[in-house]
């Protein structure tokens with residue numbers, strides 16, 4: 001539908017509108033509208049990045065017609081970025097999928113057939129047949145799911161429960177493996193608990209911002225607006241930016257540094273050395289709250305075991321470490337002198353020293369921010385550990401304005417992938433499948449027979465690709481992501497497995513993405529406020545929203561899909577007799593009965609829904625499904641530092657930062673006076689560790705898996721741009737965003753282009769050892785690579801950037817390094 005100019009102006013001029021439970025409206029903007037055509041407003045977190053901005057969603061006649069920044073939201077305070085302004089339009093692309101589609105020929109499934117509309121019953125029939133066949137012939141390791149940091153909390157929870165408890169397979173992993181896994185392992189190694197200790201309120205209280213591999217100006221623009229305000233309104237505030245190329249965040253930088261890829265490890269160790277050599281260690285903090293350990297080195301690059309680099313590694317995949325003394329640590333970092341670090345990194349000495357002084361100054365509060373530059377790194381866990389070292393040496397942590405802060409890229413990479421535990425090795429609340437006690441807790445809360453959850457870690461994202469290609473993973477469900485475009489090494493390691501006749505691939509998506517078109521079965525999915533949902537953002541803020549419109553056609557939420565699919569399996573289909581013998585009352589029941597319609601999940605009746613409140617899933621199943629799942633999930637974390645508030649509390653507020661104890665959220669963890677888990681007199685307690693102490697790790701600089709050589713003479717890096725989000729499957733369907741940045745380009749230094757007789761605007765072939773892509777030369781614009789490096793975003797489905805990238809991963813986190821491989825260029 002089209003809005004009249006009068007309605008458009010009314011919808012966008014007000015700071016907030018409509019009296020909805022939990023939303024307060026400033027008196028000045030409570031303008032009455034005609035009841036017959038009034039826009040109804042309700043709150044929701046933004047659908048895009050991990051900042052977690054609050055928006056007001058305006059609906060009219062069953063459609064979303066407007067959105068605006070929520071002035072009551074503490075994250076964004078009424079602001080939106082350019083993507084947030086166009087949220088309504090992501091819902092209504094002309095090619096929106098509205099019914100299941102199966103590859104068919106002559107009325108039957110055929111992997112080489114054409115996509116044909118079918119019913120949900122038929123879709124689940126063939127899906128169940130393929131999953132049951134794989135389970136019967138090869139067991140739980142033959143099935144898998146690739147989920148998302150964009151799934152709602154209960155969608156992720158239901159998926160993990162279905163696979164780990166129902167199918168007894170840990171082969172479920174989220175696309176957050178590609179972006180946040182190194183941060184997770186880094187947090188766990190250093191602190192014993194995941195996620196940042198600080199919050200966004202640090203921005204207004206700090207003296208210095210240091211960005212490590214993070215272009216916040218484009219990737220986290222609302223937070224960047226707050227940083228900009230802090231910097232420009234306070235002359236004593238400093239901004240330092242480190243990256244492998246110049247980008248828009250450099251425009252605000254007092255100290256902008258471009259370093260050679262992978263050498264951030266050396267810079268981090270140099271800063272630690274500078275702190276020690278200049279007597280800037282916070283002795284009182286360090287002595288009481290820190291342990292030291294030496295990590296194993298030469299750990300490989302997460303490639304296939306047959307790869308020469310893996311064969312050559314002395315300790316492939318090892319996360320082992322041993323205690324060390326301060327004197328030993330001092331000697332270790334002493335090797336990273338200013339002169340050596342300049343030689344390795346290419347950063348001028350005066351800039352490195354200025355950065356080190358910033359951290360060492362006891363009068364300066366410092367925040368370190370990072371995203372994919374650290375995490376998508378073959379030593380990403382080490383990079384995370386090393387930046388924690390700096391904050392632990394100086395005691396600049398867990399206090400207002402001070403701390404290390406890992407930013408997230410997806411709206412619920414924290415709340416769903418990490419906190420719920422949709423990784424192949426995790427359970428809710430930082431528990432892991434390899435820990436017998438953790439499995440026992442999960443089995444008790446889920447009312448499962450002892451031994452149901454397998455102890456072996458499942459296949460991570462890249463391992464899933466390899467298993468599909470090798471024919472050992474045969475039934476595969478991809479949900480809420482576009483991994484065929486977003487994952488690495490497409491032609492060699494992913495596409496072959498998807499099109500292998502031994503495998504059956506299901507993709508749940510609202511649009512015909514590259515992934516959907518490569519699948520065998522496409523399930524049309526409800527988006528954003530077409531369902532009730534919850535996200536958890538980067539500052540541990542859990543935010544809820546209500547369903548506000550119905551999904552088009554036969555589209556169904558991912559939660560409905562998971563729960564409904566569970567009805568197709570009896571416990572006898574998936575559990576051995578030794579498990580059934582422990583729970584004879586379960587015989588003959590479906591996984592739906594046991595996992596999703598038990599006495600815990602069904603305890604909240606439909607009467608708890610507000611009158612006329614949309615909630616398609618709950619009304620179909622006959623109970624308040626989301627509330628039942630959330631309260632069951634929350635039981636994992638309450639009482640040991642992961643406390644979530646009661647379900648109903650979140651509908652009344654703009655989110656709460658966990659742990660939430662006695663109704664009060666926590667802004668700064670691990671410090672006395674801020675964290676309810678730190679007792680009086682303790683000052684700090686890193687209670688994720690048994691002794692309450694954080695760990696400083698001695699870890700060296702090690703080179704990248706692939707670097708330029710005589711033939712492939714350029715570094716290649718990929719990432720995002722402001723206007724588009726990830727693979728562009730939503731933003732490229734917004735005409736304004738598409739026009740703003742219609743196609744991917746190759747950013748290159750003018751002298752590198754000239755040396756290859758390439759001119760701006762010309763087409764160019766980018767060639768790696770894995771494939772090639774044609775793009776357009778760009779020697780100007782927002783991104784300015786140094787000589788020897790090129791940068792290309794991956795949002796453009798017509799230019800499959802990740803054909804080029806290497807599937808090397810951090811051996812500890814299994815996260816892919818999208819930032820470093822070698823390419824050469826050729827004229828077209």
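Residue positions begin at 1 at the first shown residue.
Positions of Cβ are set from backbone N, Cα and C atoms, glycine also.
Annotated features, as they stand in Swiss-Prot:
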type: BINDING; residues: 46, 49, 53, 81; note: [4Fe-4S] cluster binding site
type: BINDING; residues: 83, 150, 175, 179, 212-219, 243-247, 262-264, 372, 376, 482, 508-509, 531, 558, 718-727, 802, 819; note: Mo-bis(molybdopterin guanine dinucleotide) binding site
type: BINDING; residues: 794; note: substrate binding site
type: DOMAIN; residues: 39-95; note: domain '4Fe-4S Mo/W bis-MGD-type'
type: SIGNAL; residues: 1-31; note: signal peptide
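Shown here: features listed in Swiss-Prot, placed on the structure.
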| residue | record | DSSP (3 states) |
| --- | --- | --- |
| 46 | [4Fe-4S] cluster binding site | coil |
| 53 | [4Fe-4S] cluster binding site | coil |
| 81 | [4Fe-4S] cluster binding site | coil |
| 213 | Mo-bis(molybdopterin guanine dinucleotide) binding site | coil |
| 246 | Mo-bis(molybdopterin guanine dinucleotide) binding site | strand |
| 721 | Mo-bis(molybdopterin guanine dinucleotide) binding site | coil |
| 726 | Mo-bis(molybdopterin guanine dinucleotide) binding site | coil |
| 794 | substrate binding site | coil |
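Considering only the binding-site residues 46, 49, 53, 81, 794, residue 721 (Mo-bis(molybdopterin guanine dinucleotide) binding site) has 794 as its nearest partner by CA-CA distance. Here the domain '4Fe-4S Mo/W bis-MGD-type' (39-95) has, by DSSP, the following mix of helix, strand and coil residues: 9 helix, 20 strand, 28 coil. Per Cα geometry, 726 is the residue among the binding-site residues 213, 246, 531, 726 nearest to residue 81 ([4Fe-4S] cluster binding site). Cα of residue 83 (Mo-bis(molybdopterin guanine dinucleotide) binding site) to Cα of residue 46 ([4Fe-4S] cluster binding site): a distance of 9 Å. Comparing residue 53 ([4Fe-4S] cluster binding site) with residue 218 (Mo-bis(molybdopterin guanine dinucleotide) binding site), their Cα atoms are 15 Å apart once rounded.
DSSP assigns residue 218 (Mo-bis(molybdopterin guanine dinucleotide) binding site) to a helix. Mean pLDDT for the domain '4Fe-4S Mo/W bis-MGD-type' (39-95) in this predicted model: 96. The DSSP secondary structure for residue 531 (Mo-bis(molybdopterin guanine dinucleotide) binding site) is coil. Same-chain neighbours of the [4Fe-4S] cluster site beyond 46, 49, 53, 81, judged by a C-beta within 8 angstroms of the site's C-beta center, are, in sequence order, 48, 51, 52, 76, 80, 83, 84, 221, 222.
When the C-alpha distances from residue 46 ([4Fe-4S] cluster binding site) to the binding-site residues 246, 372, 726, 794 are tabulated, the minimum falls on 726. Neighbour counts were taken as the number of other C-beta atoms within 10 angstroms of each residue's C-beta; across the binding-site residues 49, 53, 81, the minimum falls on 81. Residue density at residue 83 (Mo-bis(molybdopterin guanine dinucleotide) binding site): 22 other Cβ atoms are found within 10 A of its Cβ, drawing on all protein chains shown.
Counting every protein chain shown, the Cβ of residue 46 ([4Fe-4S] cluster binding site) has 28 other Cβ atoms within 10 Å. Neighbour density for residue 721 (Mo-bis(molybdopterin guanine dinucleotide) binding site): within 10 A of its CB lie 23 other CB atoms from the protein chains shown. Here is what falls inside 10 Å of the CA of the residue listed as 'substrate binding site' among the binding-site residues 49, 213, 246, 372, 726: 726. The Cβ of residue 531 (Mo-bis(molybdopterin guanine dinucleotide) binding site) lies under 8 Å from the Cβ of 152, 547, 551, 557, 559, 616, 617, each of these being in the same chain and 6 or more residues away along the sequence. Taking the Cα atom of each, residue 49 ([4Fe-4S] cluster binding site) and residue 726 (Mo-bis(molybdopterin guanine dinucleotide) binding site) are about 10 angstrom apart.
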